[in-house]
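Chemist: Before anything else, here's the structure in question.
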Amino acid sequence: MKNIVLTGFMATGKTTVGKKVATNMSFGFIDTDKMIEKMANMTVSDIFEKYGEDYFRRLEKAAVIKAARLKNFVIATGGGVVLNPSNIVQLRKNGVVICFVARPEIILRNIGKNKDRPLLMVDNPEEKIRQLLKEREPFYRFADYTIDVSDMTIDEVAEEVIKAYIRLKKG
């Protein structure tokens, strides 16, 4: 069966929902950011700090190629995976791409005090979120299905993902 690929902005619940969906569907689960951390033997934040975003995006592309070869998996991607169109092409070969969106204030609340968000290490994180969302919005349109998770529970989002997947894998 095709993979379920979860994309969308950081802190929209891709990993949390992905694990739940994988359990409910008896699929494997993989997170591309965790794959990158394993490849580099350091955290995403440390990669950004030491080597910069370009290096991280190269590692991300390698992780996507590896993840896209899997079958019967839920793949949670990093928030910027959509910035490289070839990543989406790879993931779509054997996957249904579902994008999570949320209002900026919800994203900021979800991030809370988490300091592991290198792109948000700025004076005004909410403004940075708005800017990044605006920049990435055209890329998010390439998803097969989009879910606004702003006012949904984890269980509701997981249920919506499964329903969308069942509908879309037929097409």
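Every residue, even glycine, has its Cβ placed from backbone N, Cα and C.
Feature list, courtesy of Swiss-Prot:
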BINDING   Ala11, Thr12, Gly13, Lys14, Thr15, Thr16, Arg117  ATP binding site
BINDING   Thr15  Mg(2+) binding site
BINDING   Asp33, Arg57, Gly79, Arg136  substrate binding site
Chemist: Between Gly13 (ATP binding site) and Gly79 (substrate binding site), find the distance joining the two CA atoms and give it rounded to the nearest Å.
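Modeler: Here the two Cα atoms lie 11 Å apart.
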Chemist: Is any of the binding-site residues Ala11, Lys14, Thr16 within 10 Å of Gly79 (substrate binding site) (Cα-Cα), and if so, which, in sequence order?
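Modeler: Those close enough are Ala11, Lys14.
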Chemist: Counting across all protein chains present, how many other Cβ atoms fall within 10 Å of the Cβ of Gly13 (ATP binding site)?
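Modeler: Step by step: centre on the Cβ of Gly13 (ATP binding site), count other Cβ atoms within 10 Å, giving 22.
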Chemist: List the residues of the same chain that sit at least 6 positions away from Asp33 (substrate binding site) in sequence and have their Cβ under 8 Å from its Cβ, in sequence order, or write 'none'.
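Modeler: Same-chain residues close to Asp33 (substrate binding site) (Cβ under 8 Å, separated by 6 or more) are Val44, Ala76, Thr77, Gly78.
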Chemist: Could you state the CA-to-CA distance between Arg57 (substrate binding site) and Ala11 (ATP binding site) to the nearest Å?
Modeler: 19
Chemist: Determine the C-alpha span of the substrate site listed in the record, that is the greatest distance between any two of Asp33, Arg57, Gly79, Arg136, in Å to the nearest whole number.
Modeler: 18
Chemist: Round to a whole number and give the Cα-to-Cα distance in Å for the pair Arg136 (substrate binding site) and Ala11 (ATP binding site).
Modeler: 15
Chemist: Give the three-state DSSP assignment (helix, strand or coil) for Lys14 (ATP binding site).
Modeler: helix
Chemist: Among the binding-site residues listed here (Thr12, Thr15, Thr16), identify the one with the smallest other-Cβ count within 10 Å.
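Modeler: Among the binding-site residues Thr12, Thr15, Thr16, the sparsest Cβ neighbourhood within 10 Å belongs to Thr16.
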Chemist: Could you check the binding-site residues Lys14, Arg57, Arg136 and say which one's CB has the most other CB atoms within 10 Å?
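Modeler: Compared across Lys14, Arg57, Arg136, the most Cβ atoms within 10 Å surround Lys14.
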Chemist: For Gly79 (substrate binding site), list the number of other Cβ atoms lying within 10 Å of its Cβ atom.
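Modeler: Here the count is 21.
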Chemist: Provide the three-state secondary structure of Gly79 (substrate binding site) computed with DSSP.
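Modeler: The residue in question, Gly79 (substrate binding site), is coil (DSSP, three-state).
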Chemist: How many other Cβ atoms sit within 10 Å of the Cβ of Ala11 (ATP binding site)?
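Modeler: Within a 10 Å radius of the Cβ of Ala11 (ATP binding site) lie 22 other Cβ atoms.
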